[in-house]
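Q: Could you have a look at this structure, given as structure tokens, before my questions?
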Amino acid sequence: MPQNADSLAVVLKCRDWENPGVTQLNRLEAHPPFCSWRNADDARVNRDSAQKRSLNGEWTFAWFSAPEAVPESWRTSDLQQADSVRVPSNWQMDGYDAPIYTNVTYPIPVNPPFVPADNPTGCYSLTFSIDADWLQAGQTRIIFDGVNSAFHLWCNSRWVGYGQDSRLPSEFDLTHFLLKGENRLAVMVLRWSDGSYLEDQDMWRMSGIFRDVSLLHKPATQIRDLRINTRFNDDFSRAVLEAEVRTTGERRDDLRVTVQLWDSETFVGEKTAPLGSEIIDERGAYPDRTTLRLNVEHPALWSAETPHLYRAVVQLHAADGTLIEAEACDVGFRQVSIENGLLLLNGKPLLIRGANRHEHHPENGQVMDKETMIKDILLMKQNNFNAVRCSHYPNHPLWYTLCDRYGLYVVDEANIETHGMVPMNRLSDDPVWLPAMSQRVTRMVQRDRNHPSIIIWSLGNESGHGANHDALYRWIKSEDPSRPVQYEGGGANTAATDIICPMYARVDQDQPFPAVPKWSIKKWLSMPGEQRPLILCEYAHAMGNSLGGYAKYWQAFRQYPRLQGGFVWDWVDQSLIKYDDDGRPWSAYGGDFGDAPNDRQFCMNGLVFADRTPHPSLYEAKHAQQFFQFALLPGAECQIEVTSEYLFRHSDNEVLHWSLALDGNPLTAGVVTLDIPPQGRQIIALPALPEAETAGQLWLTVRVEQPQATAWSQAGHISAWQQWKLGEKLATQWPQHAGNAPQLTSSGTAFRIVAGEKRWEFSRQQGVLTQFWIGEEAQLLTPLVDQFTRAPLDNDIGVSEATRIDPNAWVERWKAAGHYQAKAVLLQCDADTLASAVLITTAHAWQYQGETLFISRKTYRIDGNGEMQITVDVDVASGTPHPARIGLSCQLAQVAERVNWLGLGPHENYPDRLSAACFERWDLPLEEMYTPYVFPSENGLRCGTRELLYGAHQWRGDFQFNISRYGQKQLMETSHRHLLQPEAGTWLNIDGFHMGVGGDDSWSPSVSAEYQLSAGRYHYQISWR
């Protein structure tokens, strides 16, 4: 007895999900998103179409360990054990199966095209009704915008088709499957398919119907494709809108196509032509298509700065004017080109201020909603980003529409990555895999080509370089010559890219890896015969407490025109919310779901946390990328030169606030309106500035504010700022106490000093300050001791983990040398009474396994006013690794509500990441001095500090500090921030010197030499009262 062609058994026998030659069955051709309006005015204003219906919502769902476990009866009716889930969603976020986070390593055994027999399978079903008029005429389609990883579709128990490529739509014709009354859809989704070998991106591996599902009803004769291009004369004063329209359905001689162009409510013009009017070659024209050209005088040009959009409405109608169907899209008049080694937009060289962005939501997984998309765009714009790379797959279709409207340049990237293959180009150089790769590239272009925000196509990510790439590069250049193509794989400079687009190339340092060397970005420009622009597809790995040295990249970008910026890795931490036994949420990373293999916290590389609150590094990026640059001009008068890096917009909504302050105390201020043309300058002459009358540092600060709200910012938004230290009137010390010295007493174990209501006790056996009283209140919970270590940053750890030690990682070097285990050996502890002060002198050798790592000498000078001046000299052994810090640490007994300091702030800053910080007097709650990185580490440092006030205490000097309820030991030993427990009192770290955080990448030591503590001797001094 022959098998039913619709049966599960037939589908299982074919095993299409293990055949790279089968990427779809019965799927319709790719095209731009359609709405099939039946009223041209509805199309013009983008009104909801009555011909489009969402199927999002509650679906019936059953989960199985493998497709073979799905009962045949499911195809025809819901199973008794079925539950319900919301579509779109990832089933792992609903408690089925586990998400897996891995970066390079495939989550399944590598045996392409085969996948494990244990292949989790989700069975979805939905019952719905169809309007009677949809059944009478026309075509009804179903559109799945994203399903991971592959799926088969049935309608009313009849098999419809198959699709894979999780990040592009699969669209099927349901017309002949639909019935009057209720209809039932059944969708069998497989977690793994041969397509999974092309989707080895650095992200959580999740499954399910995770993008929108909708029905679309089109007439029998219909628009099947729409391609929009804009062309210009030399000075962009005249343009041509070119609309290529393709149709399908009944052949009719009376069909006409009209394109109308609107500028908001203003009608610009229209053009009408019959089908078949465009002669292609000597054999004639395509009978089902036409190309319409509409001249536009003085078009308003689109750019990320000025995202002016027109609206094109395309109508298919009969000769008598009867409208059959209308489609529409936003149109941006803009031109992308590469000339003389520069990437140009509308004839101007771009400077890409970009971020790589994964589609990630902490609670919804890879399901993106409009609100989150808009939040990302607004944050990018507010922080001076102008570009985004869709890493590493085509995004939700709404994303591009929003980028068009708000103004972001987009690199649209094919859903291809084979990072875990050995060699990496194993599939991209295999012709068997060309059809699968081709579908992912060509369908992306066919869906997204009409978006002006997309300025570059990308062939994918980290898939080596093979003949398949070369073929697909040539296809795109033929199909869409209006955009360049980039591809990093195989060394960033192969023939398959128009742009040199390396990842993690450094500014001045070569990384001569075998086969694929990463030269410094400066060197790359001078390679023989190389004339392409260089735009880093990934740089500045923002993992945890990172982004050190970011300003150095931007100095290079501004110095060398062909260095045209790059895309930070990456935008958002990919942590996921889990709940503890008491229902409290916490942030999870790789391994927290029992997932194996996993790459632990490597999924958290964002400039923002998963909930989109900023990392401190975001402020550094904002400052480095700001569109206004400032220079303090030399001369007797104080003049500031403001340069605009905007290419297309006049500064019509900016005022410059300037202020002069002495040690944070305002002296004078003013406001000037900025009136700067694109790429222009304005000189601002300030009035005569007052001189400092008392000791302190004189700082001039300028801030650019937008008085009026914009589409992406609120009124009062600060877009740029800069500070200059104009001078310093020195007072080398506080006035020395001229009265009697404090009282010094000693015993066999301690030195005790009394000055008024203050008392100090130093251990003679340990040589440290063990206690400090104010009145009867003890101020210390732990002694004041040297500190040379920090709770490791992600950049300090690199790729090291328990099962794979990288001896070159900073933390492993520090461990091996004994920095964390070193013990202090007392060399000296003396006390002397001077005329007006008591002097305690100590010396320690910090040793590990008999080796001396550091020698620390301290002098404590305590006067009768109760001021203790601490002078520290540290010698670093020549053979030991450069230390993380040179400073002091103690646990204060007091827990005060606020912290006040004069120094750089307000946000966390480190020696190689402090360009965005300003020198002022700051005051913040104690809890805001801690940065809640999901993976705990050293955090919260404030550099350039002159004074610190906390509770009853005051410190002065030139130092860096962090202060919080969490000690370095707990930060080092705790895996997740929600496990941290506030400790007794407050931990204070005061550093004379602190190593940078690095960030060129996070897997090799990346702290630049100038920010390492490489000197043999260090000296610093603080006063405590």
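Here the Cβ of each residue, glycine as well, is placed from N, Cα and C on the backbone.
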Q: Kindly point out which candidate in Asn90, Asn103, Asn346, Asn900 is recorded by Swiss-Prot as part of the substrate site with Asp202, Glu462, Glu538, Tyr539, Ala540, His541, Asn605, Trp1003.
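A: That substrate site, as Swiss-Prot gives it, pairs Asp202, Glu462, Glu538, Tyr539, Ala540, His541, Asn605, Trp1003 with Asn103.
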Q: Tell me, how many other CB atoms lie within 10 A of the CB of Tyr539 (substrate binding site), whichever protein chain they belong to?
A: 26
Q: Using the structure shown, find which entry in Asn103, Asn598, Asn605 (the binding-site residues) has the sparsest Cβ neighbourhood within 10 Å.
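A: Per-residue Cβ counts within 10 Å for the binding-site residues Asn103, Asn598, Asn605 bottom out at Asn103.
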Q: List the Cα distance (Å, whole number) between Asn598 (Mg(2+) 2 binding site) and Asn103 (substrate binding site).
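A: Asn103 (substrate binding site) has its Cα 8 Å from the Cα of Asn598 (Mg(2+) 2 binding site).
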Q: When you average the Cβ positions of Asp202, Phe602, Asn605 for the Na(+) site, which other residues in that chain have a Cβ within 8 Å of that mean position?
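A: After dropping the recorded site residues, what remains is Asn103, Met543, Trp569, Asp570, Gln574, Asp599, Cys603, Met604.
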Q: Would you mind sorting out which of His358, His392, Tyr539 (the recorded positions) have a C-alpha within 10 A of the one on Asp202 (Na(+) binding site)?
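A: So the list is His358, His392.
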Q: Give the distance between the Cα atoms of Asn605 (Na(+) binding site) and His541 (substrate binding site), rounded to the nearest whole Å.
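A: Between the alpha carbons of Asn605 (Na(+) binding site) and His541 (substrate binding site) there are 7 Å.
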Q: Compute the C-alpha separation of Phe602 (Na(+) binding site) from Asn103 (substrate binding site), stating it in Å without decimals.
A: 8
Q: His358 (site 'Transition state stabilizer'): which of the recorded positions Asn103, His392, Glu417, His419, Glu462 have a C-alpha within 10 angstroms of it?
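A: Near His358 (site 'Transition state stabilizer'), where near means Cα within 10 Å, the recorded positions are His392.
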Q: For Asp202 (Na(+) binding site), name the DSSP secondary structure in the helix/strand/coil scheme.
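A: DSSP assigns Asp202 (Na(+) binding site) to coil.
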Q: Is it possible to get the count of other C-beta atoms within 10 angstroms of the C-beta of His392 (site 'Transition state stabilizer')?
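A: Around the Cβ of His392 (site 'Transition state stabilizer'), 25 other Cβ atoms lie within 10 Å.
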